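Quick look at what TrEMBL lists:
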DOMAIN    36-152  domain 'MTTase N-terminal'
BINDING   45, 81, 115  [4Fe-4S] cluster 1 binding site
DOMAIN    176-411  domain 'Radical SAM core'
BINDING   190, 194, 197  [4Fe-4S] cluster 2 binding site
DOMAIN    414-477  domain 'TRAM'
Ligand code: SAM
Ligand code: SF4
């Protein structure tokens, strides 16, 4: 899920402007004594963070350690996002800052990876003089060869999209890892053509990864002490893999079950579920295994049927509500549900915007990632529809959506008070080293006094208070 990967408690204190800003993650040190140093900044979605781990692994084979200090790098990669105009502008501004390092070190190589590389291709080299390499998301195996070309004084580009590449055999180098939770990509690309979205153009056709390679990766994470995996794909419910001899077929429900069965102490999460594809079979599988977290990210985008059709989401408001009812019937009221929302899509009227707000009332989302519409060149909407909702109106509607979400999040969190939650501890709370923070099953942040508990432990916490983005409590064991 693109969503920038904002931390999920952002609604506590983020303004609409902050909610639209882009976060990034930086590589950690892997000092293993290799010759050259690679520094990666990853922008955008979890998928990109996961890809940067694959890139680090490929580069490690080619003699690169990773560094967290940009000034020490021999190669700088920006793994980029194109989902909104703002995301691309952030990268362009960052390139301006990176110029100073190139001035100091003429051998420094600068590469643009990911969606912006794929969208803009060779023109990036012309527009951004300091860029040496442009590499699309399906071309990372070619990086050693492209780095060689730059070593020899040329510029290098590979933006070929593939119908098969899943990097299944590459064991990612874990970056920014707390050693507790990790992402595992189970598929790449997207075959849906939501009219606002650039992903099908930048990440290519949907393809599912060999189920056994997913299981191997999850098992190696368990062996390394990880306690939580999140299975990633743009549309996980359409995961499907058939063995070459045709004897094995694995859909998403089955894959989820296979991962859950590896170890009952491993928490299993997944993202993103597309409302048109999420099946009762998946919901029943979630119910069957205690270690599959009861939390579903089910982006609605809009609550209005005409807008959903213009967005080419291929479901209606009624269909979406039916899926939410199925979640409530099978998994109960406690199951966390979150969403993505776009305010001010082409021709959206005030009444149609209100339909999004009433949908939020109906579902009672635990939280949401909220954006205003940003036209992306080449998409169906850019070609066929007019981006005619004025910016101030988009922003005002977005602010209303955010305000509604704050109310709903607070209401949902209040329902958690007086209950015991099983929390997987991730680290210290932002405010104090005497408090720990972790997440409950529904992915909500829980903060409680440390006592003798440690990151990586499961702790039963009695929740006695909450804010919009956090539950507070006391450990009871
Ligand atoms: N595959 C996921 C799905 O279908 O829900 C979403 C992936 S997309 C990378 C993440 C979110 O970015 C979308 O759900 C949507 O809300 C938002 N988004 C995508 N294109 C956008 C655009 N042009 N303007 C504003 N928000 C956009
Ligand atoms: Fe984009 Fe739609 Fe695919 Fe999600 S499902 S990545 S929003 S095209």
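Using N, Cα and C of the backbone, Cβ positions are placed for all residues, glycine too.
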- Task: Can you check which residues sit near residue 194 ([4Fe-4S] cluster 2 binding site), meaning Cβ under 8 Å from its Cβ, same chain, 6 or more apart in sequence, and list them in order?
- Result: 301, 311, 312, 313
- Query: Using the Cβ centroid of 190, 194, 197 as the reference point for the [4Fe-4S] cluster 2 site, which residues of the same chain not in that list have Cβ within 8 Å?
  - Reply: 192, 193, 196, 198, 199, 200, 234
- Query: So how many of the residues in the domain 'MTTase N-terminal' (36-152) end up helix, strand or coil by DSSP?
  - Reply: 62 helix, 26 strand, 29 coil
- Query: When a 10 Å sphere is centred on the Cβ of residue 197 ([4Fe-4S] cluster 2 binding site), how many other Cβ atoms does it contain?
  - Reply: 23
- Quick one: pull the CA-CA distance for residue 190 ([4Fe-4S] cluster 2 binding site) versus residue 115 ([4Fe-4S] cluster 1 binding site), whole Å only. 13
- Integer Cα-Cα distance in angstrom, residue 81 ([4Fe-4S] cluster 1 binding site) to residue 197 ([4Fe-4S] cluster 2 binding site): 12
- Task: Among the binding-site residues 45, 81, 115, name every one whose Cβ is found under 6 angstroms from ligand 2, counting any of its atoms.
- Result: none
- Message: If I take the alpha carbons of residue 45 ([4Fe-4S] cluster 1 binding site) and residue 197 ([4Fe-4S] cluster 2 binding site), what is the distance between them in whole Å?
- Response: 14
- Task: Output, ordered by sequence, the same-chain residues six or more apart from residue 115 ([4Fe-4S] cluster 1 binding site) with a CB under 8 Å from its CB, or 'none'.
- Result: 44, 48, 80, 81, 82, 83, 137, 198, 199, 202, 203
- Message: Counting other Cβ atoms within 10 Å of each residue's Cβ, which of the binding-site residues 45, 81 comes out lowest?
- Response: 45
